[in-house]
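**Student:** Pasting a structure here, questions to come.
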Amino acid sequence: MKELAYLNKFFLKYRWRLVPGVLFVIISNIFAVLPAQVIRVAFDLVTENIGVFQLFAGFNRQSIIYDIFGSSLMLFGILVLILALLRGLFLFFMRQTIILMSRHIEFDLKNEIYNHYQQLSLAFYRRHNTGDLMNRVTEDVSRVRMYLGPGIMYTINTVILFILVIYAMLRVNVTLAIFSVLPLPILAVIIFYVNDVINFRSEQIQQRLSILSSFVQENFSGIRVIKSYVREKFVRKTFADESETYKGHSMAMVKVQAMFYPLMLLLVGLSNVITMYIGGIEVMKGNITPGNIAEFIVYLNMLTFPVIALGWVTSLIQRAAASQKRINEFLHQKSEIISPAAPAQTIAGKIEFRDISFIYPDTGIKALKNVSFTANPGQMIAIIGRTGSGKSTVANLILRMYDTVTGQILIDGTPVDQLNLDDYRSQIGFVAQEVFLFSDTISRNIAFSADVMDMPKVEQAAKNAAVYNNIMELENGFDTLIGERGVTLSGGQKQRVSIARAIVKQPQVLIFDDCLSAVDTRTEEEILNNLGNIMQGKTSIIISHRISTIKNADKILVMDNGEIVEQGTHNQLLNLKSAYFELYEKQLLEEEESV
Ligand SMILES: Nc1ncnc2c1ncn2[C@@H]1O[C@H](COP(=O)(O)OP(=O)(O)OP(=O)(O)O)[C@@H](O)[C@H]1O
């Protein structure tokens, strides 16, 4: 429960909604209790005057009595109506304040979590799956809101109503009051436990549903593979099995609900019967009037909903506490990568790795071993090596996605962890190995790093990335939507759009992580030539598997198993007649074979 204390700051923030809200709850409940007393008076009026009315049977006076009798009853009716209207009005105000407050807090909390997520490191995202992250912002926040809004509202409502009704009942007759509310605690306990069962089952249903939707989503995305391997029948069967399990859980839920409602009505009915029985005895003893029985029946029915709400709210608060615990877990996580409060500065682009060894914190894989190299501004440094040799890790470390424990990375002579991170990263153009484009227009994808769209710059970047002509061939040109709801670009086109995105901001350091693999050698040469012009005086790091991509680099680092095994220019490395030379020979052979 202490987890929910985190939300108290929001109550303070929205106190001018909460305080009037509580007042409205109290007022609306007063108007809810008063009609019962009016009904009692009206009921007694009927029972008392019915005798007088019969006494005047056959006299003219009888119709006069009837008229007086009828108009006073009408007056009572109107009074009950006015009280109900006033109650409704204050219920409206109550919802307008408390439920509105919960929506405001929901909005604040979502933004707070999202902002915090943005600050967390890449390692955090590796440790948690996307579904889990999303659930905490959506599902868990919704549950917390149920506590902030309906939870609080019904709790205050129940407490106030209970105090008012029980007080009114006790004032009439203590014995009758005790007997008539006797079944209600049983009802509250049953509702609490049944709610637990319902929550447990609905969680199971939710889990099955998310398994089912992930299954469907993955199969729709991989439909090409399914069709080419003719696995439709198999997938259909798996889907049917999964649906069957989901159906089973839903049926179990229906059974619980089907038993729950009649049981609830039975207990409420029992209360009414007890009231009438004990009330009848009390009337015969002359302790109460028949109007009091009618008054009690109204009270009891007024208490039924709060009692149900009590059980419901208790389990709702429990669920909210569990959800807030999950939210707090992430909110209290600090990013491993912290930016110092250093001033922004333009970097020249000198990158120095001094004896860097790096182990990925979550897997324990030693990705780099004593790596040392220097990249000077104006140089193009290439990294080549077998898959898994640590090339992308070098890029990750330059971007300070992770911090190293041993060795030092210096940028223009300053340790990378002493630079203002946002400012530093904004001067790096990075093209990742796995292309990721947003479901948006091509122009907005290219101009992603800029706050304002500068079309001439976007077009120039597209020209430099050798993708301009491809874009212009599309019907809507740069305004073409790409991604799920738009045009599907080819692998090479996507790579080049992501290259344009990196160069549009004219970075001081450019990192290409194997992002020319789907581009033919002629286009690749064109892009590299353009880069030579754009990156004059700046630093480029090109990671590749193909020697043709990197042969003109100022320095080539050959990596194997996390180590730099050779470094030098293309010719120097060929002369070594070792790892690089072997790779060169192999690729030459492959090229000849493919011609
Ligand atoms: N985020 C990560 N978390 C944990 N381990 C990782 C992570 N990224 C890479 N590794 C591991 O570190 C090692 C080096 O990987 P890296 O991606 O740097 O290789 P690479 O040379 O770029 O390979 P490729 O050419 O196939 O892209 C691999 O064994 C890999 O499994």
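Cβ coordinates are placed from backbone N, Cα and C, and glycine is handled just like the others.
Predicted automatically and left uncurated, TrEMBL annotations should be read as such.
From TrEMBL, here are the annotated features:
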DOMAIN    21-319  domain 'ABC transmembrane type-1'
DOMAIN    351-586  domain 'ABC transporter'
TRANSMEM  21-43  transmembrane segment
TRANSMEM  63-93  transmembrane segment
TRANSMEM  152-170  transmembrane segment
TRANSMEM  176-194  transmembrane segment
TRANSMEM  258-278  transmembrane segment
TRANSMEM  298-317  transmembrane segment
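Each of the listed features needs to be described in terms of its position in the shown structure.
**Tutor:** Within the chain carrying the transmembrane segment (21-43), a Cβ under 8 angstroms from the stretch's Cβ atoms is held by residues 73, 76-77, 79-80, 83-84, 86-87, 90-91, 93-94, 97-98, 101, 153, 156-157, 160-161, 164-165, 168, 289-292, 294-295, 298-299, 302, all 6 or more beyond its ends.
Long-range neighbours of the transmembrane segment (63-93) within the same chain, counting only residues 6 or more positions beyond its ends whose Cβ lies under 8 Å from a Cβ of the stretch, are 20, 24, 27-28, 31-32, 34-35, 38-39, 41-42, 45-46, 49, 52-53, 56.
A Cβ distance under 8 Å defines the sequence-distant neighbours of the transmembrane segment (152-170), meaning residues of its chain 6+ beyond its ends; these are 21-22, 25-26, 29-30, 32-33, 36-37, 94-95, 98-99, 102, 176-177, 180-181, 295-296, 299, 302-303, 306-307, 309-310, 312-313.
Away from its own ends, the transmembrane segment (258-278) comes close to residues 175-176, 179-184, 186-187, 190-191, 194, 198, 293, 296-297, 300-301, 304, 308 of its chain (Cβ-Cβ under 8 Å, at least six residues beyond either end).
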